[in-house]
Amino acid sequence: MTSQKKIIPIALVFLGLFCFPELVFPEGVFSVLQQRVMAIFILATLLWVSDAVPAFATSLLIIMLLVLTASNSAPFPLRDGLGEDMLAYTTIFNSLASPVIVLFLGGFFIALACAKYKVDINLARVLLKPFGQKYEIVMLGVMIITAIFSMFMSNTATSVMMLTIMTPLVARMDSQDPGCRAMVLSIPIAANLGGMGTPIGTPPNAIAFRYFVGEHALSFGGWMLFAVPITVIMIAFSWWLLQKMYPSSGGDLDVQIDGRFEKGLKPYIVYITMALTILLWMFSSVHGINAYAVAIIPVAVFSLCGIVDKHDLKHISWDVLWLLAGGIAIGTALASSGLAELIVSMVPFEEFGAVSIILGISILCMVMATFMSHTATANLLMPIAISMSTSVASIEEMGGLVVIGTAVALASSLGMGLPISTPPNALAHATGLVDTKDFIKTAQILSPLGVLLIFAVLMLMTWMGFF
């Protein structure tokens, strides 16, 4: 179905919900504001799931509709019936400059500077060297390096870099050797799993991280304390699984990556600023600067020193930032209007128990993320999950907001069963060395196992009093 054919029925559904709410919503249950927010939420869901328009465009549409139909800056006729319930238009626009946006912008600036001065490739060259030339050990090295880079860089950029390095090496192997498939598959798998390790590793992490404030505060290093062990265990198991599923005929790989670290004032500024930023992120509980404030350092330093200029800004993934902003806006609207809490209160979640709820929403997130954008999935599920944490007492006893929010964020990274699931998967598939069935074959084991591991680690951390 073409995009135009998708848009028309979706638009009709939205107009029906918005213009004739009395025909859809139970009388006396939802306020006028909640009805409008629900209509916008359903519109966003349909657009994100169908890919009828680019995901970032949906986010901008959300912000526009919230401002023009649900805020105190809506046209006078649309304010009738809203009373005092109207959202502040400044609150909606704040999503475009949320601390989470700044956090990701800092990560993008670091990645941009590293690519410009070839820090990423040179680090890969240095880090791969100790792994020698034996096939199995090289693959382990590739997965470890990919995961590390994915913790601080875009999963997509990391995959592009590693596939660029490894594809010529794999091409020298026997084309009939199953090890070829394993080596190529190892890169997107490691990129997806590595993104779980830090709050900036992937957008769903940042979406969850914005809720961890006040009594539920969680530092950058605190996230890594439980997420990195999950990543390490999953990487180790994935490495073993790939060797069992795709046993190589053996032999050595000639791993030769040309390059050297650049010298000069600007490269040294990049090295020092990157190292300082990562250290400040990891030890925020020691110095007191939160992760969002730290993120502005590379943005300011690289701009002032001319390391990132106006031409480089064109290469920033602005679409990702706008996609995040739309998710933040709809999440704020769901919470501020009381709609998220109302929806949760209408379902007897207490009857299911905390374990069933947390596992259930994690599995739902994993399945949805297999077929649609991970960020869109987190944008849709996170507000509901957060409302559950405050409405269901049994969840509060098991770690509450932090546990269920983290479970949803991390589970989204496990949606990797198809080439379309993630950009790293699509890039690996584009090499022509792996098929769709290869992604399904590995994900049907890794994804469910990952959900169980996430739950087990979070429960262990709760038992230890970490949350």
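The backbone N, Cα and C atoms fix where each Cβ goes, glycine too.
Straight from TrEMBL, the features:
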type: DOMAIN; residues: 46-393; note: domain 'Citrate transporter-like'
type: TRANSMEM; residues: 6-25; note: transmembrane segment
type: TRANSMEM; residues: 37-67; note: transmembrane segment
type: TRANSMEM; residues: 87-114; note: transmembrane segment
type: TRANSMEM; residues: 135-153; note: transmembrane segment
type: TRANSMEM; residues: 220-242; note: transmembrane segment
type: TRANSMEM; residues: 265-283; note: transmembrane segment
type: TRANSMEM; residues: 289-308; note: transmembrane segment
type: TRANSMEM; residues: 320-340; note: transmembrane segment
type: TRANSMEM; residues: 352-371; note: transmembrane segment
type: TRANSMEM; residues: 401-420; note: transmembrane segment
type: TRANSMEM; residues: 445-466; note: transmembrane segment
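Scored on C-beta pairs under 8 angstroms, the neighbour of the transmembrane segment (220-242) with the top count among 6-25, 37-67, 401-420 is 401-420.
Beyond the transmembrane segment (37-67), the same-chain residues lying 6 or more positions past its ends with a Cβ under 8 Å from any Cβ of the stretch are 3, 6-7, 10, 13-14, 17-18, 21, 25, 30, 73-74, 87, 89, 92-93, 95-96, 318-320, 322-327, 329-330, 333-334, 337, 339, 371-373, 375-376, 379-380. Stretch with the largest number of CB pairs closer than 8 A to the transmembrane segment (445-466), among 6-25, 320-340, 352-371: 352-371.
Outside the transmembrane segment (265-283), and at least 6 residues removed from its termini, the chain residues within Cβ reach (under 8 Å) are 106, 110, 113-114, 117, 119, 152, 198, 200, 220-221, 224, 289, 291, 294-295, 297-298, 301-302, 305-307.
When Cβ-Cβ distances below 8 Å are used as the criterion, the transmembrane segment (352-371) is approached by residues 49, 377-378, 380-381, 384-385, 388, 392, 394-395, 397-398, 403-404, 407-408, 411-418, 420-421, 443, 447-448, 450-451, 454-455, 458 of the same chain, each at least six residues removed from its ends.
Across the domain 'Citrate transporter-like' (46-393), the model assigns an average pLDDT of 86.
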